[in-house]
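Trainee: What follows is a structure written as structure tokens; I'll ask about it next.
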Amino acid sequence: MEKMTIKDLDLNGKKLIMRVDFNVPLKDGIITDDTRIVEALPTIKYAIENGALVILLSHLGRPKGERKPEFSLKPVAQRLSELLDKEVIFVPELYGEPVNKAIANANPGDIILLENTRFDKGETKNDPELAKKWAELADIHVNDAFGTAHRAHASNVGIAQYIPSVAGFLMEKEIKFLSKATSNPEKPYVVILGGAKVSDKIGVITNLLNKADKILIGGAMMFTFLKALGKDVGSSLVEEDKLDLAKKILDSAKEKGVEFILPVDAVCAQKIESGVEKKIFKIDEGIPEGWMGLDIGPESINLFEEKIANAKTIAWNGPMGVFEIEDFENGTKEIALAIANETEKGATTIIGGGDSAAAISKFKLKDKVSHVSTGGGASLEFLEGKELPGIAAIANKKKIED
Ligand SMILES: Nc1ncnc2c1ncn2[C@@H]1O[C@H](COP(=O)(O)OP(=O)(O)O)[C@@H](O)[C@H]1O
Ligand SMILES: O=C(OP(=O)(O)O)[C@H](O)COP(=O)(O)O
Ligand SMILES: [Mg+2]
């Protein structure tokens with residue numbers, strides 16, 4: 001179903017409340033990768049150039065309804081202002097007097113960024129009262145937060161109950177590319193999963209088993225599977241309550257004839273820190289207590305490269321290791337290079353996720369893959385074939401024309 005976009009509206013003199021995904025990686029308050037901000041610029045620029053006042057909403061991290069200063073969007077306001085070479089009015093509130101005042105004092109063409117939507121408990125609960133408060137600030141809701149589209153929250157879904165919601169250019173671009181690449185993926189189709197949001201993402205594998213020819217697992221995700229297979233994983237990150245699901249997935253992969261590839265070795269350390277002692281343990285021999293797997297090892301890299309070779313479609317979400325620290329970046333880097341290589345040979349390749357996108361930028365391979373998606377969980381659920389609530393809430397073209 002084609003979605004209504006910002007281009008379908010007359011924006012002149014309108015107030016837009018625009019949901020973006022500015023959930024960027026931060027280290028000590030500094031933005032380490034601004035891909036998600038850069039990707040939202042075309043929609044913001046279009047809106048202000050066409051005479052709208054733009055009120056931006058985003059979450060950052062998971063502050064769980066509490067106002068935690070380390071999750072403030074203030075550094076994002078500053079970066080956005082630099083990128084646009086224009087003032088961004090940051091209001092460290094979500095509604096109420098300071099917000100109303102800022103809007104009343106603003107002119108068409110101005111940009112206001114409110115504080116982290118997840119500072120209010122109502123956001124993730126999709127609280128209608130909160131959604132209404134935001135809807136009352138504007139005439140139209142613009143949804144450009146593809147990275148959040150798998151969440152049914154007040155700022156992207158609830159708000160559409162009160163004012164029309166249309167897609168921004170990033171949302172439109174992501175839907176177009178992912179639909180085309182995955183409606184009938186050319187085979188062999190390889191899916192690579194890693195990262196740290198294991199309990200969130202392990203569920204998508206069940207449906208992906210009906211689509212992919214091979215599934216490769218790295219990152220923290222690997223340890224839940226390895227533990228389910230009875231391996232010693234030391235102090236590596238394991239989601240204990242997903243062990244049964246992991247077993248089911250392993251059985252189902254066998255039944256369906258899907259190659260399910262787990263690493264055979266891991267780079268381990270006792271602390272997640274740069275410069276600490278590292279050891280490579282073979283999975284069959286086990287990881288000793290006190291040691292954590294923080295990257296896939298060299299034999300696993302070779303194995304994964306073999307499995308990736310000659311794929312026609314590759315979808316990757318979640319870094320293979322803690323790539324933010326140089327000591328543990330190698331697996332992610334080598335897999336990224338292998339994917340770039342297959343892209344050159346003609347494969348369609350998609351890398352998704354806030355952190356995966358940061359990794360691909362770090363290794364300067366952004367332009368060597370077919371598509372870098374700003375969504376990790378969102379792109380996975382899209383590939384799985386699910387209708388994402390954040391997309392469903394956007395008005396369909398037909399509906400508005402009727
Ligand atoms: N073995 C591991 N142990 C702990 N964390 C890991 C491991 N491998 C990867 N990670 C972490 O996973 C994080 C990214 O996970 P996630 O948010 O799921 O990916 P994405 O943002 O690409 O969707 C990174 O910050 C990375 O450091
Ligand atoms: O960073 C995000 O997803 P990702 O890590 O899967 O790319 C999105 O902003 C969603 O964040 P959430 O997983 O805390 O809801
Ligand atoms: Mg992430």
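The first residue you see is number 1, and the count goes up from there.
Backbone N, Cα and C atoms are what each Cβ position is placed from, and that goes for glycine too.
According to TrEMBL, the protein carries these features:
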BINDING   ASP21, PHE22, ASN23, ARG36, HIS59, LEU60, GLY61, ARG62, ARG118, ARG151  substrate binding site
BINDING   LYS201, GLY293, GLU324, GLY353, GLY354, ASP355, SER356  ATP binding site
Trainee: Have a look at the binding-site residues GLY293, GLY353, GLY354, SER356 and say which one has the shortest Cα distance to ASN23 (substrate binding site).
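Mentor: If we rank GLY293, GLY353, GLY354, SER356 by Cα distance to ASN23 (substrate binding site), first place goes to GLY354.
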Trainee: I'd like to verify something. Among the binding-site residues ASP21, ASN23, HIS59, GLY61, ARG118, which ones have a C-beta closer than 6 angstroms to some atom of ligand 1?
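Mentor: Cβ under 6 Å from ligand 1: none.
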Trainee: Checking proximity to ligand 3 here: which binding-site residues out of ASP21, HIS59, GLY61, LYS201, ASP355, SER356 have their Cβ closer than 6 Å to it?
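Mentor: Cβ under 6 Å from ligand 3: ASP355.
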Trainee: Measure from the CA atom of GLY293 (ATP binding site) to the CA atom of ARG118 (substrate binding site) and give the result in Å, rounded to a whole number.
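Mentor: Computed Cα spacing between ARG118 (substrate binding site) and GLY293 (ATP binding site) is 31 Å.
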Trainee: For the binding-site residues GLY61, GLU324, GLY353, which residues place their CB under 6 A from an atom of ligand 2?
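Mentor: Cβ < 6 Å from ligand 2, in sequence order: GLY353.
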Trainee: For a quick check of understanding: given the listed ATP-binding residues LYS201, GLY293, GLU324, GLY353, GLY354, ASP355, SER356, what is the maximum Cα-Cα distance in angstrom, as an integer?
Mentor: 22
Trainee: Looking at the binding-site residues listed here (LYS201, GLY293, GLY353), whose Cα lies nearest to that of GLY61 (substrate binding site)?
Mentor: GLY353
Trainee: HIS59, ARG118, LYS201: which of these binding-site residues has the sparsest Cβ neighbourhood within 10 Å?
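Mentor: The binding-site residues HIS59, ARG118, LYS201 were compared, and LYS201 has the fewest Cβ atoms within 10 Å.
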Trainee: Once the chains shown are all counted, how many other Cβ atoms turn up within 10 Å of the Cβ of ASN23 (substrate binding site)?
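Mentor: Counting Cβ neighbours of ASN23 (substrate binding site) within 10 Å gives 23.
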Trainee: So how many other Cβ atoms are close to GLY293 (ATP binding site), meaning within 10 Å of its Cβ?
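Mentor: Result for GLY293 (ATP binding site): 30 other Cβ atoms within 10 Å.
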Trainee: Taking the recorded substrate site as ASP21, PHE22, ASN23, ARG36, HIS59, LEU60, GLY61, ARG62, ARG118, ARG151, identify the other residues of that chain whose CB atom sits within 8 Å of the mean position of the site's CB atoms, giving them in sequence order.
Mentor: SER58, ASN116, THR117, GLY147, THR148
